[in-house]
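Asks: According to TrEMBL, the protein carries these features:
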DOMAIN    B:77-158  domain 'YdbS-like PH'
DOMAIN    B:417-480  domain 'YdbS-like PH'
TRANSMEM  B:30-50  transmembrane segment
TRANSMEM  B:56-75  transmembrane segment
TRANSMEM  B:179-201  transmembrane segment
TRANSMEM  B:228-252  transmembrane segment
TRANSMEM  B:371-390  transmembrane segment
TRANSMEM  B:396-413  transmembrane segment
Amino acid sequence: MGGTGSIADVISLPHEPLANPHAMRGIAKHPELKMAQSVTRDSRAESSGDADAELVLRPPSHPVDRRSVGWWLTQALVTVLPPVLILLLLALLIEPARTWLLLPAAIIGAPGLAYIVAMPPWRYRVHRWETTEDAVFTRAGWVRQQWRVAPMARIQTVDTIRGPLQQLFGLSTVVVTTASAAGPLRIDGLDHERARDLVEELADKAQVETGDAA
Amino acid sequence: MRGALDAEEARAAEVAGPAEAEWRRLDARIIWVVTLWGSGLALVTLAIMWWRNAPWWLIAPVPVPLVCGIGYEALRWFKTRYRLTSTHVELKTGLLTRTHRSIPRNRVRSVDVTANPLHRVLRLALVRVGTGHRVSSTKAAVLSLNALSAADAEELRAGLVRRAGTGEQRAIARLDWRWLRFGPLSFATPLLGLSAVGATYETLDILGFDPDNVLIPDLIDWLGEANLLPVIVLGVLGLLLAGALGALGWYVETWWDFRLIREPHGALRASRGLFVTRSATLEEERLHGVEVAEPLMLRLGGGAYTYAVATGAGSTDDEASTFNTSALLPPAPIEESHRVAAAVLREERDPTASVRLVPHPRHALARRVRWAFFCGLGLGGVLVGLGVWLTPVLAHIGWVSALVVWVAGVLFARDGYRSLGHGITGRYVVTRHGSLKRRTIALRRSGVIGWTVTQWAWHRRSTLCRVTATTPGGRGAYHVKDVLMGEGLGFADEAVPGVLTPFLVRRGGTRGADDQGLS
């Protein structure tokens, strides 16, 4: 059921905006990839029988833009490097306190390095998104991964955010809020135009829904 | 669609003419409130200064802030106007930056009326009109009128919440004084005792008795001669007694004359308070469920709090504040809590009581025990490390505290694990979790507006995860904690059919690896 579902989704993709070449490339690559997965999954499910098959959330169909890796890498560098560099500089200048400056530099630097190396590609593999006629479905995170579903009818606002770093990479974040105080759904790292098209599409599908549930 | 409706109503209001759309001022007596309050404060300050023989140049400026305060309040009163039209409630206010806020009446979700003792002496009340929207700041979601005459406040409240309805006003619950016993059952009790000691010390200090150099040395001398054991036992008992008295006083002030009433059109109104009176009105359509919360001490005594899960009320901030607008009952016996919850939801039985909760997998217990182990290890490790380096006393403190953390941690882990559960009953999904504060939440299935599944990378193999229902009410997100993904998703899909369905797949076997990142 799920396998065919994802094929159907891929086939129905043309309703989504294809104006932008990046998106084109992503989708063009997508069908074979997706179908191959679905086939293996189907055969697995059949061989083991439906009885002991467990429910899982399938990954949303679209990856985010490849440039996100660069964006996340820059983010990590901007977070980790300044304190480490300042400590190293001070260690170079103040000789008597050298060990006491190098020690915290190492304590921050070692996990920082792991963060810089591991986080961006990991995030890229996790972050995915999808919209259907009825819902928005996202997956995000790296060590802590989060799948979120919001029905189209419950969407209150759709916005794009472009931070300074994101602008450097030509990326946008789409923010989808519902009436819940638990925070919005975010799709990080979309190409500018793709994000703009997505916002238009969502605003269109979700209508001018206002008010809270019930 | 609603926008068009609003516009239509607005046009209707214009046609209706200015008769009902008359701008009104706040009650001028609010200036008296500030005057009285400020004068009282100034008098106390002057008295203390006189007592301490303060020089004249310290005493002289005391009335200045008082005059400024009164002046500001008078200006604010002069510049503030409000009106209630057939479609909107509007407020114009502000000295330097003028604001004009207008809330459509069909968006009004709550009307809270509070009055502190000075307000009450002057027959005034503060009215807060909430829209239930907390997209930006909570402040922006509330229109606050400080203050109206008590009669105007009641009229405004009634006018704002009145809907077509033919039911009769009916009391759901009243305070029973036997519940007073739940007052001191709180971790706040010993803290209140300690703060009483602190307050005494501060007062003595302000009055110039110099406790540091007079009282405390005397006390130490006296302790040196006395038998320590009974002194310590009596001291602790005294602290607890003072704390318990404080907690009882607090309970009485907060819950005096508590009444939960269903109004003719279905809204719920909870009013209470001895010195500060508070009344919160909750529209029935914004009620999405109930929460029964049992903090550890209260749970051991068989009591519980009862909260509404409602739009615009019951956020984390609200729960900490003295005026929690979502409180449906004082701390009361758990049976009463269930009875009121059922009555509020108009159900035969409270879903948090009638539900059969599914226990969670052993991984959840293992996870909690692991946490306790690492916490103890971390604390003990650091202390022992410092001890080896500095002094052996720290090392001893280290291993003792590690042991204490481990024992307490395992106890809490077991209790927390036993609390875990989730289930579906009738129109509700129910989830329970927590040990220090066990919460059982029943949410209307129709009020669930989305799902979130959260998983740590190291739980991929065990598929342990957290399934969260998002809702417009209360804290906005309610968790089913530490559940196996297959079971959690099945539960979510059954609870609210259709939302998750297109994204679910069945997968055989227990191996969980495809393209979901690194394992």
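Glycine residues also receive a Cβ, built from the backbone N, Cα and C atoms like all the rest.
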Asks: Sort out the residues at least 6 away from either end of the transmembrane segment (B:371-390), same chain, that have Cβ-Cβ distances under 8 Å to it, and list them.
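Replies: Residues 396-399, 401-403, 405-406, 408-410, 412-413 contact the transmembrane segment (B:371-390) from elsewhere in the chain.
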Asks: Determine the mean pLDDT over the domain 'YdbS-like PH' (B:417-480), rounding to the nearest whole number.
Replies: 93
Asks: State the residues, same chain only, that lie 6 or more residues beyond the ends of the transmembrane segment (B:30-50) and have a CB under 8 A from a CB inside it; answer 'none' if no residue qualifies.
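Replies: Answer is 58-59, 62-63, 65-66, 69-70, 73-74, 77, 118-119, 122, 124, 146-147, 206-207.
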